[in-house]
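Visitor: Can you keep this structure in mind? I'll have questions shortly.
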Amino acid sequence: MAKEVFQRTKPHMNVGTIGHVDHGKTTLTAAISIYCSKLNKDAKALKYEDIDNAPEEKARGITINARHIEYETANRHYAHVDCPGHADYIKNMITGAAQMDAAILLVAADSGAEPQTKEHLLLAQRMGIKKIIVFLNKLDLADPELVELVEVEVLELVEKYGFSADTPIIKGSAFGAMSNPEDPESTKCVKELLESMDNYFDLPERDIDKPFLLAVEDVFSISGRGTVATGRIERGIIKVGQEVEIVGIKETRKTTVTGVEMFQKILEQGQAGDNVGLLLRGVDKKDIERGQVLSAPGTITPHKKFKASIYCLTKEEGGRHKPFFPGYRPQFFFRTTDVTGVVALEGKEMVMPGDNVDIIVELISSIAMDKNVEFAVREGGRTVASGRILEILE
């Protein structure tokens, strides 16, 4: 069956659901999908099971990898990533967050903000997300007086992490909206959320004029066609027939793009902001991996050693309880990848939680990097610092 061509009629935006495990992120994502499919006859409704689609997730009822769905409102086309809330999987949330222009923060009204609520807010801020909308979920299970307290608490948190005091708060029950899609009262919260997204989220300015770059998130083999690399185009435009370089981790090599797709539809060209799959000529699945980038030839190079400015989280923010010293070996997260690195300090003997400091890092493998790129520093499954590259040393 021939694939349909993706029609670019509305502005495209990437959003995602973030928040603590079991606060209802996947349920809300399913409720939105079902609601939009009722408005648009071409749209496909995805149920909870379709979004939570890995066997281990079904058994545990949690989302591990970020999942993508698409839907349209009156004004926009959204790609929506459902981010995992489980602590072990925050790493995957980072790659999900790296693809979002704006986020919907889910907080269960019956339990309020929890540790991961804070960690996700911090990650959203570090990943450059400027605006969020709060969805206060499980309203049917919460005492009305408690809801008011939770609302105040969440707004304080949102402001603490640099988001606006005017952040909209939508209240409702995602489960109610998902279970009763025909009932206007149940789906009112989803309708309000989508209107709020259209009005409050600013369409991002896309770096279409810069050289092409895509951070590889996943790699698949399609029998008879070759290898597909998926990810979000960070900048530039890509068309069939263009040559690209695979950079980072291994030797840099060239290949040609033989197909561009988004949500199983063919694209005439992929552009900055699109989540795409690129079919690559003559590349074996083992030749390319998550964490590498595809780029316009000669525009980005792999490096191991750099100078960076970092902020160390305090104990209260979920960071370390004790200082770290030269020789510290955490993981550094760039775009979609984590690499172990060794820290050297200049003119300092140690770094305390809460410090802003410049460090020198040497990674154990080369990563495609450029100046000003932001990264997260993680250790033992938690974020301990965030930083930005000041200069590349080698």
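Using N, Cα and C of the backbone, Cβ positions are placed for all residues, glycine too.
The annotation GTP binding site is assigned in Swiss-Prot to 19-26, 82-86, 137-140. According to Swiss-Prot, the Mg(2+) binding site annotation covers Thr26. The domain 'tr-type G' annotation in Swiss-Prot covers 10-205. What Swiss-Prot records for 19-26 is region 'G1', and it gives similarity to another entry as the kind of evidence. As annotated by Swiss-Prot, region 'G2' applies to 61-65, with the evidence given as similarity to another entry. Swiss-Prot lists 82-85 with the feature region 'G3'. Marked as region 'G4' by Swiss-Prot on the basis of similarity to another entry: 137-140.
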Visitor: Determine which residues of the chain contact the region 'G4' (137-140) at the Cβ level, with the cut-off under 8 Å and only residues 6 or more beyond its ends counted.
Guide: 23-24, 27-28, 106-110, 147, 171-176, 189
Visitor: Specify the count of other C-beta atoms within 10 Å of the C-beta of Asp22 (GTP binding site).
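Guide: Its Cβ has 17 other Cβ atoms within 10 Å.
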Visitor: State the three-class DSSP label for Gly19 (GTP binding site), counting H, G and I as helix, E and B as strand, and everything else as coil.
Guide: strand
Visitor: What counts of helix, strand and coil residues does DSSP assign across the region 'G4' (137-140)?
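Guide: Helix/strand/coil tally for the region 'G4' (137-140): 2 helix, 1 strand, 1 coil.
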Visitor: In Å, rounded, how far does the Cα of Gly19 (GTP binding site) sit from the Cα of the residue listed as 'Mg(2+) binding site'?
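Guide: About 10 Å separate the Cα atoms of these two residues.
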Visitor: If one looks at the chain holding Leu139 (GTP binding site), which residues at least 6 apart in sequence have a CB under 8 angstroms from its CB?
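Guide: Same-chain residues close to Leu139 (GTP binding site) (Cβ under 8 Å, separated by 6 or more) are Ala109, Val147, Lys171, Gly172, Ser173, Cys189.
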